[in-house]
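Have a look at the structure below, then the notes.
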Amino acid sequence: LSSLKKFDEIKKANQAAAKKLVEDQLSSSSEDDDEDAEVKQGKILDKTFTIYTSQTDGDASELERTRQYMNEAFQSGAMTCLICIASVKRNQAVWSCCGCFCIFHLVCIQKWAKDSLFLVSSPLTDDDFGKKDYPWPCPKCRFEYKRSETPSRYYCYCGKVENPTVDPWLVPHSCGQICEREFKPSCGHKCLLLCHPGPCPPCPKMVTTTCHCKKAKPVPRRCSAKEWSCRLPCGRTLLCGQHTCENSCHAGDCQPCPRVSKQRCICGRQTAERLCASPQWQCDQVCRKRLPCGNHTCEQVCHAGPCGDCPRSGKRSCPCGKTKFTLPCTEDVPTCGDSCDKVLECGIHKCSQRCHRGPCEICRQEVEKQCRCGKHTKRMPCHKPYLCETKCTKIRDCQKHQCRRKCCSGNCPPCDQVCGRTLGCRNHKCPSGCHRGSCNPCPETVDVKCNCGKTVIKVPCGRERTIKPPKCKQLCSRPPTCHHSTQEKHYCHFGRCPPCRQPCQKMLTCGHLCPVSCHDEALVRQTGSHQSAGPWEQPSEPAFIQTALPCPPCEVPIPVECLGQHEVSPLPCHSANPYSCKRYCGRLLDCQNHTCMKECHHVTKLNSSADAKKVGPECSQCEEECTKPRPSGCPHRCVLPCHPGDCPSCLQMLKIKCHCKLSVLYVECLKLTCADLKEKEHLISCKNQCPKELPCGHRCKETCHSGSCPLNCSQKVKLRCLCKRLKKEIQCSKIQEGQVSLECDALCKEMKRKASEIKEAEAKAAIEEEKRRQQAELEAFENRLKGRRKNKRRKDEVEVEQSLWQKYKNLIMLPMFGVAVVMV
């Protein structure tokens with residue numbers, strides 16, 4: 001039974017899903033939703049552009065680019081993350097590039113930045129790692145960001161709010177506040193739109209500015225177009241210093257002078273026609289002027305100024321540079337005869353020839369050389385390189401292919417093969433060189449068309465299979481399939497046309513026209529005797545078919561009064577009969593307190609002149625208790641059943657506790673409810689002493705009362721001085737308030753002084769006694785060390801002198817004892 005029940009539940013669920021799928025495909029509710037979404041989108045865009053258009057007197061021509069980005073943000077599937085090739089949803093954290101304004105998932109761009117930094121820094125050694133802050137690029141525009149600019153949190157487009165909330169009446173991922181980003185190029189103003197995707201529009205502020213050449217009067221213009229030309233000749237002096245600029249008013253520096261003039265070269269020997277903008281030029285002739293030495297001529301090509309001294313004058317060095325000679329400029333410097341000692345091209349050995357002119361020979365010494373890869377050694381001339389035939393087996397930076405270069409030094413070159421991996425779009429392959437990590441997103445775009453082919457959108461390659469077709473604004477041109485002459489207007493779409501929603505307008509039997517929507521192609525469940533073997537079996541025939549249904553019963557409203565005459569309601573024409581309105585009857589019963597609680601029913605009139613709202617024999621009889629409000633404080637009910645008029649007085653007794661909660665009192669309810677506050681206080685009191693304890697610890701002296709006890713305790717207590725000799729009886733409340741204190745007198749102070757003196761004398765006597773005892777023990781110990789009477793036990797008798805306290809203690813204690821007796 002349980003398995004059969006489960007099978008039926010699964011079967012019903014599958015049938016419901018199939019019905020929903022067919023209704024979604026054939027109904028036009030989606031078009032209504034699309035229209036509502038477009039209206040809502042238009043309101044949000046108008047709200048976003050309100051502040052900007054108020055500055056431009058309603059001109060929104062500069063907002064087309066921003067509007068395009070915002071439309072893509074609203075359109076389903078238009079915003080695509082180029083890293084994961086998936087749609088960007090409203091509730092997902094995103095990041096926007098400041099260069100191309102492309103939107104990516106925050107998690108995707110964080111992984112992209114991490115992988116890019118790893119690929120750049122992986123070839124570095126441990127010493128170089130971390131010394132340079134390598135950037136990472138945007139996946140689309142390749143705009144470079146620093147390592148510190150890697151996004152770690154989700155912000156709105158303007159960057160003010162972290163983790164913006166999802167609001168259906170705002171642009172997705174927007175905070176709804178004014179953007180206030182600086183315009184680019186910066187003009188000192190800020191963006192006036194609400195937080196938005198894409199670039200900020202041109203600045204709409206009005207400024208007063210003059211033209212490029214500063215000749216025209218300043219005029220008010222848009223800040224974004226404040227640079228303007230008056231079209232008059234520029235007139236500024238050119239760099240040649242002879243002519244003026246003849247171009248119309250322009251921005252920036254003037255162009256070079258286009259005129260041609262005859263100009264001499266720097267040395268002044270030749271003259272040629274050249275552009276006026278470049279008066280300085282050199283000819284090809286050597287100077288040949290006589291130098292100051294009188295023996296040589298200047299070998300410099302056309303130059304300005306004096307030729308300078310002869311280069312062979314002054315001290316000159318021999319070819320090896322060890323010896324300097326002072327010779328006339330007509331004589332050549334001889335060789336010094338010492339060894340050359342110049343470092344050869346190998347950088348290790350020195351030239352062993354004598355000082356000579358010209359370059360040194362190549363190094364011919366034989367050395368033990370190691371090949372470039374470090375695996376082999378060979379003895380050979382120093383100037384010859386040594387390369388072995390061993391091929392490198394290291395993996396290149398692509399982590400796929402081996403180097404295979406002969407005698408590689410270990411610094412393998414980048415891989416020269418093509419990557420060829422299939423990109424995320426599944427349509428193209430990566431054309432870049434073989435590399436590590438993820439391939440760059442596919443740069444291709446694909447056209448997605450509507451059914452008629454007139455509306456086209458471009459989407460990233462790979463999204464054409466999952467993205468919805470664009471919404472076409474062209475009307476559908478298919479003929480109607482119902483009894484109407486024309487089809488209801490709707491936009492271009494895929495699949496079958498939606499059911500006709502025009503009124504049927506067929507004549508019914510009652511004479512009215514059928515007002516419901518056209519039902520010539522209604523969906524009807526197809527019943528069959530085929531029993532499915534299980535929920536996994538696909539139905540062999542459709543569960544729903546389209547067929548023409550008869551017109552429903554007439555629903556034209558006809559006014560009909562209910563049985564109890566409570567209301568007149570319009571009922572459908574096919575069921576216009578007296579009815580019960582399901583309300584309570586509501587007629588006032590004989591008790592004059594309650595109404596008839598029966599459902600709306602027919603009431604028989606006893607006579608024709610009776611009131612229509614008067615109770616009838618069909619109404620119910622009142623059987624309730626009296627529910628009239630009792631006097632304040634009375635907890636008893638009225639003893640009579642439900643009745644007209646006032647209730648009698650309450651004569652019952654109330655059992656209550658007194659104020660101190662120790663005694664139980666019985667009070668007549670009428671007296672307690674009619675008494676005022678003073679009388680109630682008296683009635684509830686038990687007339688006994690209050691048992692509560694005051695803060696001082698004594699019992700309250702008042703009779704049973706309400707509220708807190710008074711704090712003025714009148715109990716007599718004994719107060720003593722600090723030495724406990726004097727005492728006095730005082731009222732407790734004065735002690736609690738700190739008004740009275742008992743100080744010690746002179747006799748108390750004198751007794752304290754004598755007691756302290758006795759203590760000091762006793763302490764001194766004890767110290768003296770201890771010293772004498774220690775001295776006696778020391779003398780006894782010294783006598784035993786002297787060895788007197790070694791074999792005979794002997795008792796040392798030491799006469800101890802009495803201390804002062806032992807001598808005079810009787811004389812001191814007797815007077816003090818007498819004084820104490822007198823005081824007592």
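A Cβ is built for glycine as well, from the same backbone N, Cα and C atoms used for every other residue.
Annotation comment: TrEMBL describes 744-791 as coiled coil.
Taken from TrEMBL, the feature domain 'NF-X1-type' covers 187-205 (among others).
TrEMBL lists 240-259 (among others) with the feature domain 'NF-X1-type'. Counting only same-chain residues 6+ beyond the ends of the domain 'NF-X1-type' (240-259), those with a CB under 8 A from a CB of the stretch are 211-213, 215-216, 227, 229-234, 275-279.
Counting same-chain residues at least six beyond the ends of the domain 'NF-X1-type' (293-312), those with a Cβ under 8 angstroms from any Cβ of the stretch are 265-267, 269, 282-287, 329-330. The domain 'NF-X1-type' annotation in TrEMBL covers 293-312 (among others).
The feature domain 'NF-X1-type' is assigned by TrEMBL to 346-365 (among others). Packing against the domain 'NF-X1-type' (346-365) from elsewhere in the chain are residues 318-320, 322, 335-340, 381-383: each is 6 or more residues past its ends and has a CB under 8 Å from a CB in it.
Residues or ranges marked as domain 'NF-X1-type' in TrEMBL: 373-394 (among others). Here the domain 'NF-X1-type' (373-394) has a mean pLDDT of 87 out of 100.
Among the features that TrEMBL reports, domain 'NF-X1-type' is placed at 398-417 (among others). Assigned with DSSP, the residues of the domain 'NF-X1-type' (398-417) fall into helix, strand and coil as follows: 0 helix, 2 strand, 18 coil.
Look at the domain 'NF-X1-type' (425-444): DSSP puts its residues at 0 helix, 2 strand, 18 coil. The domain 'NF-X1-type' annotation in TrEMBL covers 425-444 (among others).
According to TrEMBL, the feature domain 'NF-X1-type' maps to 482-502 (among others).
For 591-624 (among others), the entry in TrEMBL reads domain 'NF-X1-type'.
Positions annotated as domain 'NF-X1-type' by TrEMBL: 634-652 (among others). Among residues of the same chain six or more beyond the domain 'NF-X1-type' (634-652), those with a C-beta under 8 A of the stretch's C-beta atoms are 591-594, 622-628, 668-670, 673.
The annotation domain 'NF-X1-type' is assigned in TrEMBL to 696-715 (among others).
Counted over residue pairs 6 or more apart, the CB atoms of the domain 'NF-X1-type' (425-444) and the domain 'NF-X1-type' (696-715) come under 8 Å in fewer than three pairs, which marks the two as apart. Counting only same-chain residues 6+ beyond the ends of the domain 'NF-X1-type' (696-715), those with a CB under 8 A from a CB of the stretch are 658-660, 663, 681, 684-690, 731-733, 735-736.
Across the domain 'NF-X1-type' (696-715), the DSSP tally of helix, strand and coil residues reads 0 helix, 2 strand, 18 coil. Across the range of the domain 'NF-X1-type' (240-259), the DSSP-based residue counts are 0 helix, 2 strand, 18 coil.
According to DSSP, the secondary structure content of the domain 'NF-X1-type' (634-652) in residues is 0 helix, 1 strand, 18 coil.
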